[in-house]
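The block underneath contains the structure these notes are about, expressed in structure tokens.
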Amino acid sequence: MGAQSLPPAWQLYLKDHRVSTFKNWPFLEGCACTPERMAAAGFIHCPTENEPDLAQCFFCFKELEGWEPDDDPIEEHKKHSSGCAFLSVKKQFEELTLSEFLKLDKERTKNKIAKETNNKQKEFEETAKKVRCAIEQLAALE
């Protein structure tokens, strides 16, 4: 069974798959935050036009940008998301029992739902603020 037959979210448990996301990563050789080390710390590369070095933990979904060549990915991950369960896994993912893996993935899924819920709440609050302003402007016209 190859990695391609795994669901996309589960493919991210494989370090090589995470490494493959680091296209056009600005820090390659002679740096602490190489693609290999970033992937080992759980990060995937998800650049934007304004944030070419944006990396996100596939597990806790913490996003970090503004990397410096001497930044240690594991230490940065611990500093900004110390509760990430990925950081405490002692086995290679290929060595986990099915029960261990599913328990771990349940935590990842909870993190994903929390992140998506938080994003939707922010989006709703921004929309509500715009609507409130529009209503106030209409009321001022009367």
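Every residue, even glycine, has its Cβ placed from backbone N, Cα and C.
Worth saying up front: this structure is predicted, and the values here are computed from it rather than measured.
Some features that Swiss-Prot has for this protein:
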- 18-88: repeat 'BIR' (REPEAT)
- Ser20: phosphoserine (MOD_RES)
- Lys23: N6-acetyllysine (MOD_RES)
- Thr34: phosphothreonine (MOD_RES)
- Thr48: phosphothreonine (MOD_RES)
- Cys57, Cys60, His77, Cys84: Zn(2+) binding site (BINDING)
- Lys90: N6-acetyllysine (MOD_RES)
- Lys110: N6-acetyllysine (MOD_RES)
- Lys112: N6-acetyllysine (MOD_RES)
- Lys115: N6-acetyllysine (MOD_RES)
- Thr117: phosphothreonine (MOD_RES)
- Glu126: site 'Interaction with FBXL7' (SITE)
- Lys129: N6-acetyllysine (MOD_RES)
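Feature annotations (Swiss-Prot) mapped to structure.
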{"residue": "Lys23", "record": "N6-acetyllysine", "DSSP (3 states)": "coil"}
{"residue": "Thr48", "record": "phosphothreonine", "DSSP (3 states)": "coil"}
{"residue": "Cys57", "record": "Zn(2+) binding site", "DSSP (3 states)": "strand"}
{"residue": "Lys90", "record": "N6-acetyllysine", "DSSP (3 states)": "coil"}
{"residue": "Lys110", "record": "N6-acetyllysine", "DSSP (3 states)": "helix"}
{"residue": "Lys115", "record": "N6-acetyllysine", "DSSP (3 states)": "helix"}
{"residue": "Glu126", "record": "site 'Interaction with FBXL7'", "DSSP (3 states)": "helix"}
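The closest partner of Thr117 (phosphothreonine) among the binding-site residues, by CA position, is Cys60; the full candidate set was Cys57, Cys60, Cys84. The modified residues considered are Lys23, Lys90, Lys129; of these, Lys90 has the fewest other C-beta atoms within 10 angstroms of its C-beta. Other than Cys57, Cys60, His77, Cys84, the residues of this chain whose Cβ falls within 8 Å of the Cβ centroid of the Zn(2+) site are, in sequence order, Ala41, Gly42, Phe43, Phe59, Phe61, Lys62, His80, Ser81, Phe86, Leu87. Neighbour counts of Cβ atoms within 10 Å were compared for the modified residues Ser20, Thr48, Thr117, and the top value is held by Ser20.
The Cβ of Cys57 (Zn(2+) binding site) lies under 8 Å from the Cβ of Ala41, Gly42, Phe43, Ile44, His77, Ser81, Cys84, Phe86, each of which sits 6+ residues away along the same chain. Put simply, Lys112 (N6-acetyllysine) is 21 Å from Glu126 (site 'Interaction with FBXL7') when counted between their Cα atoms.
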